[in-house]
Amino acid sequence: MKNSKIIGLGHYVPEQVVTNADLEKIMNTTNEWIVERTGIEERRWFTPGKDTVSNMGTRATKIALERAGLEAKDIDFIVFATITPDYFFPGSGVLLQRELGLQGIGALDIRNACSGFIYALSIADQFIKTGMYKTVLVVGAEIQSSALDKSDEGRSSSVIFADGAGAAILQATDDEGILSTHLHADGDYAEELYVQDPGSSRKTRLSKEMIDGKTFNLTMNGSAVFKHAVVRFSEVIVEALKQNGYNPEDIDLLVPHQANLRISNFVQKQFKMPDEKVYNNIMHYGNTTAASIPIAMSEAWEKGKIKEGDLLCLAAFGSGFTWASALIRW
Ligand code: ACO
(Lines of atoms letter the chains of each structure in order from A; the text may use other names.)
(Lines give C-alpha, C1' and ligand atoms only; values in the text may rest on other atoms or scores of the structure.)
Protein backbone atom coordinates (compact mmCIF):
# COMPACT_ATOMS: atom_id res chain seq x y z
CA MET A 1 0.00 0.00 0.00
CA LYS A 2 1.21 3.49 -0.86
CA ASN A 3 1.34 6.42 1.56
CA SER A 4 0.28 9.94 0.72
CA LYS A 5 2.55 12.96 1.00
CA ILE A 6 1.92 16.70 0.78
CA ILE A 7 4.08 17.86 -2.13
CA GLY A 8 2.85 21.45 -2.51
CA LEU A 9 1.17 24.10 -0.38
CA GLY A 10 -0.32 27.47 -1.31
CA HIS A 11 -2.50 30.15 0.21
CA TYR A 12 -4.36 33.26 -0.80
CA VAL A 13 -5.91 35.92 1.42
CA PRO A 14 -8.04 38.85 0.20
CA GLU A 15 -6.29 42.19 -0.21
CA GLN A 16 -8.59 44.11 2.13
CA VAL A 17 -6.90 44.37 5.55
CA VAL A 18 -9.31 45.14 8.40
CA THR A 19 -7.50 46.24 11.55
CA ASN A 20 -8.93 46.38 15.06
CA ALA A 21 -8.92 50.17 14.67
CA ASP A 22 -11.18 49.75 11.61
CA LEU A 23 -13.58 47.65 13.71
CA GLU A 24 -13.61 50.33 16.42
CA LYS A 25 -15.22 52.59 13.78
CA ILE A 26 -18.11 50.20 13.01
CA MET A 27 -18.89 48.61 16.40
CA ASN A 28 -18.43 49.31 20.08
CA THR A 29 -15.12 47.53 20.61
CA THR A 30 -11.48 48.28 21.36
CA ASN A 31 -8.14 47.05 20.10
CA GLU A 32 -7.25 46.11 23.70
CA TRP A 33 -10.35 43.90 24.16
CA ILE A 34 -9.78 42.07 20.88
CA VAL A 35 -6.03 41.52 21.38
CA GLU A 36 -6.42 40.42 25.00
CA ARG A 37 -9.25 37.91 24.32
CA THR A 38 -8.26 36.60 20.90
CA GLY A 39 -4.72 37.72 19.95
CA ILE A 40 -6.07 39.11 16.66
CA GLU A 41 -4.60 42.42 15.42
CA GLU A 42 -5.94 42.40 11.86
CA ARG A 43 -7.79 40.13 9.48
CA ARG A 44 -8.71 40.00 5.77
CA TRP A 45 -12.24 40.52 4.45
CA PHE A 46 -13.21 39.69 0.89
CA THR A 47 -14.04 42.26 -1.77
CA PRO A 48 -17.49 41.53 -3.26
CA GLY A 49 -17.29 41.08 -7.02
CA LYS A 50 -13.64 40.09 -6.79
CA ASP A 51 -13.17 37.33 -4.24
CA THR A 52 -15.27 34.17 -3.99
CA VAL A 53 -14.59 31.04 -1.99
CA SER A 54 -13.96 29.07 -5.19
CA ASN A 55 -11.71 31.66 -6.88
CA MET A 56 -9.66 32.15 -3.71
CA GLY A 57 -9.32 28.35 -3.59
CA THR A 58 -8.19 28.39 -7.22
CA ARG A 59 -5.53 31.03 -6.52
CA ALA A 60 -4.19 29.01 -3.57
CA THR A 61 -4.23 25.85 -5.72
CA LYS A 62 -2.21 27.44 -8.53
CA ILE A 63 0.54 28.37 -6.05
CA ALA A 64 0.48 24.86 -4.54
CA LEU A 65 0.69 23.29 -8.03
CA GLU A 66 3.65 25.45 -8.98
CA ARG A 67 5.48 24.53 -5.78
CA ALA A 68 4.70 20.84 -6.39
CA GLY A 69 6.01 21.14 -9.96
CA LEU A 70 2.68 19.89 -11.32
CA GLU A 71 -0.01 21.14 -13.66
CA ALA A 72 -3.75 21.21 -12.98
CA LYS A 73 -4.28 18.25 -15.32
CA ASP A 74 -2.23 16.08 -12.94
CA ILE A 75 -4.98 16.31 -10.29
CA ASP A 76 -7.21 13.22 -10.09
CA PHE A 77 -9.72 14.34 -7.46
CA ILE A 78 -10.71 17.42 -5.42
CA VAL A 79 -11.76 17.62 -1.76
CA PHE A 80 -12.98 21.10 -0.83
CA ALA A 81 -13.57 22.03 2.81
CA THR A 82 -15.84 25.02 3.37
CA ILE A 83 -18.93 26.02 5.35
CA THR A 84 -19.34 29.17 3.27
CA PRO A 85 -19.78 27.86 -0.29
CA ASP A 86 -20.38 30.28 -3.17
CA TYR A 87 -23.90 28.85 -3.60
CA PHE A 88 -26.34 27.07 -1.29
CA PHE A 89 -25.74 24.26 -3.78
CA PRO A 90 -23.85 22.91 -5.69
CA GLY A 91 -20.70 22.85 -3.56
CA SER A 92 -17.64 24.97 -4.24
CA GLY A 93 -15.60 21.90 -5.28
CA VAL A 94 -17.29 21.78 -8.68
CA LEU A 95 -16.75 25.52 -9.21
CA LEU A 96 -13.05 25.16 -8.42
CA GLN A 97 -12.89 22.15 -10.76
CA ARG A 98 -14.42 24.29 -13.54
CA GLU A 99 -11.99 27.16 -12.86
CA LEU A 100 -9.07 24.75 -13.11
CA GLY A 101 -10.43 23.35 -16.41
CA LEU A 102 -10.71 19.86 -14.92
CA GLN A 103 -14.26 19.03 -16.03
CA GLY A 104 -14.93 15.33 -15.47
CA ILE A 105 -12.88 14.58 -12.36
CA GLY A 106 -14.67 14.07 -9.03
CA ALA A 107 -15.13 16.91 -6.55
CA LEU A 108 -16.36 16.55 -2.99
CA ASP A 109 -17.33 19.27 -0.49
CA ILE A 110 -16.73 18.79 3.24
CA ARG A 111 -18.78 20.81 5.76
CA ASN A 112 -16.93 20.20 9.00
CA ALA A 113 -16.15 23.83 9.82
CA CYS A 114 -12.83 24.42 11.58
CA SER A 115 -12.00 20.69 11.47
CA GLY A 116 -12.92 20.60 7.77
CA PHE A 117 -9.40 20.74 6.39
CA ILE A 118 -8.18 17.77 8.45
CA TYR A 119 -11.33 15.79 7.56
CA ALA A 120 -10.65 16.62 3.89
CA LEU A 121 -6.98 15.66 4.24
CA SER A 122 -7.99 12.35 5.80
CA ILE A 123 -10.35 11.56 2.93
CA ALA A 124 -7.67 12.40 0.35
CA ASP A 125 -5.17 10.25 2.28
CA GLN A 126 -7.58 7.26 2.28
CA PHE A 127 -8.21 7.59 -1.47
CA ILE A 128 -4.47 7.51 -2.09
CA LYS A 129 -3.76 4.69 0.37
CA THR A 130 -6.41 2.47 -1.26
CA GLY A 131 -4.92 3.18 -4.69
CA MET A 132 -8.03 4.87 -6.07
CA TYR A 133 -6.25 8.13 -6.89
CA LYS A 134 -2.61 9.18 -7.23
CA THR A 135 -2.83 12.95 -6.87
CA VAL A 136 -5.54 14.68 -4.82
CA LEU A 137 -6.10 18.41 -4.26
CA VAL A 138 -7.30 19.42 -0.79
CA VAL A 139 -8.60 22.97 -0.33
CA GLY A 140 -9.90 24.88 2.67
CA ALA A 141 -11.49 28.25 1.86
CA GLU A 142 -13.98 30.54 3.56
CA ILE A 143 -15.72 33.87 3.32
CA GLN A 144 -17.02 34.39 6.86
CA SER A 145 -17.13 38.18 6.85
CA SER A 146 -20.38 38.39 4.87
CA ALA A 147 -22.33 36.40 7.51
CA LEU A 148 -21.11 38.16 10.63
CA ASP A 149 -23.36 40.31 12.78
CA LYS A 150 -21.28 43.48 12.88
CA SER A 151 -23.61 45.27 15.30
CA ASP A 152 -22.71 45.50 19.01
CA GLU A 153 -24.85 42.41 19.62
CA GLY A 154 -22.61 40.20 17.49
CA ARG A 155 -19.28 41.78 18.35
CA SER A 156 -17.86 38.91 20.44
CA SER A 157 -17.70 36.69 17.34
CA SER A 158 -17.56 39.20 14.46
CA VAL A 159 -14.12 40.40 15.59
CA ILE A 160 -12.79 36.82 15.30
CA PHE A 161 -13.86 35.30 11.98
CA ALA A 162 -12.35 36.21 8.60
CA ASP A 163 -11.69 35.16 5.00
CA GLY A 164 -8.98 33.27 3.10
CA ALA A 165 -7.98 30.07 1.33
CA GLY A 166 -5.28 27.42 1.47
CA ALA A 167 -4.49 24.38 -0.67
CA ALA A 168 -2.42 21.22 -0.40
CA ILE A 169 -1.50 18.75 -3.15
CA LEU A 170 -1.25 15.16 -1.93
CA GLN A 171 0.49 12.50 -3.95
CA ALA A 172 1.13 8.77 -3.58
CA THR A 173 4.60 7.91 -2.29
CA ASP A 174 6.57 4.85 -1.16
CA ASP A 175 8.12 7.01 1.60
CA GLU A 176 6.48 8.11 4.84
CA GLY A 177 4.00 10.98 4.60
CA ILE A 178 0.67 11.28 6.37
CA LEU A 179 1.19 8.83 9.24
CA SER A 180 -2.35 8.93 10.62
CA THR A 181 -5.47 11.06 10.88
CA HIS A 182 -8.00 11.10 13.72
CA LEU A 183 -11.57 12.34 13.30
CA HIS A 184 -14.19 12.96 15.98
CA ALA A 185 -17.57 14.66 16.43
CA ASP A 186 -20.22 15.20 19.10
CA GLY A 187 -23.51 16.46 17.71
CA ASP A 188 -24.87 17.15 21.21
CA TYR A 189 -23.16 20.54 20.87
CA ALA A 190 -24.34 21.40 17.34
CA GLU A 191 -26.07 24.61 18.41
CA GLU A 192 -23.15 25.99 20.48
CA LEU A 193 -21.51 27.33 17.30
CA TYR A 194 -23.72 27.49 14.23
CA VAL A 195 -25.56 29.39 11.52
CA GLN A 196 -29.20 28.33 11.68
CA ASP A 197 -30.49 29.51 8.31
CA PRO A 198 -31.21 28.86 5.50
CA GLY A 199 -32.08 25.58 7.24
CA SER A 200 -34.20 23.10 5.29
CA SER A 201 -36.28 22.03 8.29
CA ARG A 202 -37.90 25.45 8.48
CA LYS A 203 -41.25 26.19 6.86
CA THR A 204 -39.53 28.47 4.39
CA ARG A 205 -35.86 29.04 3.54
CA LEU A 206 -36.24 32.83 3.68
CA SER A 207 -38.45 34.96 5.89
CA LYS A 208 -38.43 38.42 7.40
CA GLU A 209 -38.41 36.73 10.82
CA MET A 210 -35.09 35.07 9.99
CA ILE A 211 -33.53 38.29 8.80
CA ASP A 212 -34.80 40.23 11.84
CA GLY A 213 -33.82 37.39 14.17
CA LYS A 214 -30.33 37.32 12.60
CA THR A 215 -30.48 33.55 12.21
CA PHE A 216 -28.35 33.83 9.06
CA ASN A 217 -25.54 35.14 11.25
CA LEU A 218 -23.05 33.05 13.16
CA THR A 219 -24.06 32.29 16.75
CA MET A 220 -21.43 31.15 19.23
CA ASN A 221 -21.38 30.21 22.91
CA GLY A 222 -17.81 31.43 23.37
CA SER A 223 -17.17 29.96 26.82
CA ALA A 224 -18.56 26.51 25.87
CA VAL A 225 -16.35 26.52 22.78
CA PHE A 226 -13.30 27.47 24.85
CA LYS A 227 -13.90 24.78 27.49
CA HIS A 228 -14.39 21.97 24.99
CA ALA A 229 -11.69 23.14 22.59
CA VAL A 230 -8.83 23.04 25.08
CA VAL A 231 -9.75 19.48 26.17
CA ARG A 232 -10.39 18.08 22.68
CA PHE A 233 -7.30 19.68 21.10
CA SER A 234 -5.11 17.99 23.69
CA GLU A 235 -6.90 14.62 23.51
CA VAL A 236 -6.66 14.37 19.75
CA ILE A 237 -2.96 15.33 19.71
CA VAL A 238 -2.21 12.66 22.32
CA GLU A 239 -4.21 10.12 20.28
CA ALA A 240 -2.10 10.82 17.17
CA LEU A 241 1.18 10.64 19.10
CA LYS A 242 0.24 7.40 20.90
CA GLN A 243 -0.84 5.63 17.72
CA ASN A 244 2.55 6.32 16.16
CA GLY A 245 4.68 5.78 19.26
CA TYR A 246 5.79 9.40 19.65
CA ASN A 247 5.92 11.86 22.56
CA PRO A 248 5.04 15.58 22.51
CA GLU A 249 8.75 16.51 22.40
CA ASP A 250 9.10 14.58 19.10
CA ILE A 251 6.85 17.12 17.33
CA ASP A 252 8.92 19.56 15.24
CA LEU A 253 5.97 21.82 14.43
CA LEU A 254 2.41 21.94 15.75
CA VAL A 255 0.00 23.75 13.44
CA PRO A 256 -3.22 24.24 15.38
CA HIS A 257 -6.42 25.53 13.81
CA GLN A 258 -6.23 29.28 14.38
CA ALA A 259 -9.35 29.54 16.56
CA ASN A 260 -8.13 32.01 19.14
CA LEU A 261 -4.58 32.66 20.36
CA ARG A 262 -5.64 31.93 23.94
CA ILE A 263 -6.72 28.41 22.92
CA SER A 264 -3.43 27.77 21.04
CA ASN A 265 -1.40 29.09 23.99
CA PHE A 266 -3.33 26.90 26.42
CA VAL A 267 -2.60 23.78 24.32
CA GLN A 268 1.05 24.78 23.90
CA LYS A 269 1.42 25.08 27.69
CA GLN A 270 -0.20 21.70 28.29
CA PHE A 271 2.44 20.06 26.10
CA LYS A 272 5.23 22.34 27.40
CA MET A 273 6.18 23.21 23.83
CA PRO A 274 8.56 26.11 23.07
CA ASP A 275 7.21 28.99 20.94
CA GLU A 276 9.25 27.99 17.88
CA LYS A 277 7.47 24.62 17.71
CA VAL A 278 3.95 26.07 17.45
CA TYR A 279 2.91 28.06 14.38
CA ASN A 280 0.36 30.82 14.95
CA ASN A 281 -0.67 33.53 12.50
CA ILE A 282 -4.14 34.42 13.84
CA MET A 283 -2.69 37.86 14.72
CA HIS A 284 -2.73 38.75 11.00
CA TYR A 285 -5.55 36.67 9.53
CA GLY A 286 -8.13 36.10 12.28
CA ASN A 287 -9.99 32.79 12.35
CA THR A 288 -10.53 31.58 8.79
CA THR A 289 -12.28 28.32 9.79
CA ALA A 290 -11.42 25.53 7.29
CA ALA A 291 -8.76 27.71 5.65
CA SER A 292 -6.74 28.40 8.78
CA ILE A 293 -4.58 25.25 8.84
CA PRO A 294 -3.59 25.25 5.15
CA ILE A 295 -2.87 29.02 5.28
CA ALA A 296 -0.72 28.51 8.38
CA MET A 297 1.07 25.47 6.92
CA SER A 298 1.74 27.25 3.63
CA GLU A 299 3.09 30.34 5.41
CA ALA A 300 5.22 28.22 7.77
CA TRP A 301 6.66 26.38 4.75
CA GLU A 302 7.44 29.70 3.02
CA LYS A 303 9.32 30.84 6.12
CA GLY A 304 11.40 27.66 6.14
CA LYS A 305 9.79 26.39 9.34
CA ILE A 306 8.84 23.03 7.79
CA LYS A 307 11.82 20.99 6.66
CA GLU A 308 12.36 17.58 5.08
CA GLY A 309 12.02 14.86 7.72
CA ASP A 310 10.14 17.05 10.24
CA LEU A 311 7.31 15.59 12.31
CA LEU A 312 4.31 17.86 11.83
CA CYS A 313 1.14 17.71 13.89
CA LEU A 314 -2.11 19.36 12.75
CA ALA A 315 -4.99 19.72 15.20
CA ALA A 316 -8.41 21.33 15.00
CA PHE A 317 -11.63 21.87 16.91
CA GLY A 318 -14.80 23.46 15.64
CA SER A 319 -18.53 23.57 15.04
CA GLY A 320 -20.32 20.26 15.37
CA PHE A 321 -18.58 19.97 17.72
CA THR A 322 -15.91 18.29 15.60
CA TRP A 323 -12.24 17.78 16.35
CA ALA A 324 -9.41 16.14 14.42
CA SER A 325 -5.66 15.70 14.13
CA ALA A 326 -3.07 14.51 11.61
CA LEU A 327 0.52 13.42 12.15
CA ILE A 328 2.76 13.94 9.14
CA ARG A 329 6.38 13.01 8.37
CA TRP A 330 7.48 15.75 5.97
N1 ACO B 1 -15.43 44.36 22.24
C2 ACO B 1 -15.61 44.84 23.46
N3 ACO B 1 -16.35 44.23 24.40
C4 ACO B 1 -16.92 43.06 24.05
C5 ACO B 1 -16.77 42.51 22.77
C6 ACO B 1 -15.99 43.21 21.84
N7 ACO B 1 -15.77 42.75 20.60
N8 ACO B 1 -17.46 41.36 22.74
C9 ACO B 1 -18.03 41.18 23.93
N10 ACO B 1 -17.70 42.22 24.73
C11 ACO B 1 -18.07 42.44 26.12
C12 ACO B 1 -19.44 41.87 26.46
O13 ACO B 1 -20.47 42.75 26.17
C14 ACO B 1 -19.31 41.58 27.92
O15 ACO B 1 -19.45 42.78 28.62
P16 ACO B 1 -20.18 42.82 30.07
O17 ACO B 1 -19.34 41.97 30.95
O18 ACO B 1 -20.16 44.26 30.41
O19 ACO B 1 -21.53 42.24 29.81
C20 ACO B 1 -17.86 41.14 28.07
O21 ACO B 1 -17.17 41.70 26.94
C22 ACO B 1 -17.71 39.65 28.05
O23 ACO B 1 -18.47 39.13 26.96
P24 ACO B 1 -18.55 37.65 26.55
O25 ACO B 1 -19.43 37.50 25.36
O26 ACO B 1 -18.83 36.84 27.77
O27 ACO B 1 -17.09 37.47 26.01
P28 ACO B 1 -15.99 36.48 26.51
O29 ACO B 1 -15.28 37.07 27.65
O30 ACO B 1 -16.55 35.11 26.65
O31 ACO B 1 -15.06 36.52 25.25
C32 ACO B 1 -14.62 35.15 23.36
C33 ACO B 1 -15.58 36.13 24.00
C34 ACO B 1 -13.34 35.87 23.04
C35 ACO B 1 -15.24 34.63 22.12
C36 ACO B 1 -14.37 34.05 24.40
O37 ACO B 1 -15.58 33.43 24.77
C38 ACO B 1 -13.47 33.02 23.88
O39 ACO B 1 -12.28 33.16 23.87
N40 ACO B 1 -14.06 31.90 23.43
C41 ACO B 1 -13.34 30.82 22.82
C42 ACO B 1 -14.04 30.47 21.60
C43 ACO B 1 -13.42 31.07 20.40
O44 ACO B 1 -12.33 31.59 20.36
N45 ACO B 1 -14.17 30.94 19.36
C46 ACO B 1 -13.72 31.36 18.10
C47 ACO B 1 -13.27 30.24 17.39
S48 ACO B 1 -14.41 28.99 17.23
C49 ACO B 1 -13.49 27.86 16.55
O50 ACO B 1 -12.72 28.14 15.69
C51 ACO B 1 -13.58 26.52 17.06
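Backbone N, Cα and C atoms are what each Cβ position is placed from, and that goes for glycine too.
Curation does not apply to TrEMBL; its annotations are automatic.
When TrEMBL is compared with the stretches 3-7, 163-167, 258-262, 298-302, the one noted as region 'ACP-binding' is 258-262. Taking H, G and I as helix, E and B as strand and the rest as coil, DSSP gives the domain 'Beta-ketoacyl-[acyl-carrier-protein] synthase III N-terminal' (108-187) the counts 28 helix, 30 strand, 22 coil. Residue counts for the region 'ACP-binding' (258-262) under DSSP (helix as H, G, I; strand as E, B; rest coil) come to 2 helix, 0 strand, 3 coil. Comparing Cβ neighbour counts within 10 Å across the active-site residues Cys114, His257, Asn287, the minimum falls on Asn287. Recorded residues His257 (active site) and Cys114 (active site) have their alpha carbons 7 Å apart, per Cα-Cα distance. Counting in whole angstrom, Cys114 (active site) lies 9 from Asn287 (active site) by their C-alpha atoms. Secondary structure at His257 (active site), as computed by DSSP, is coil.
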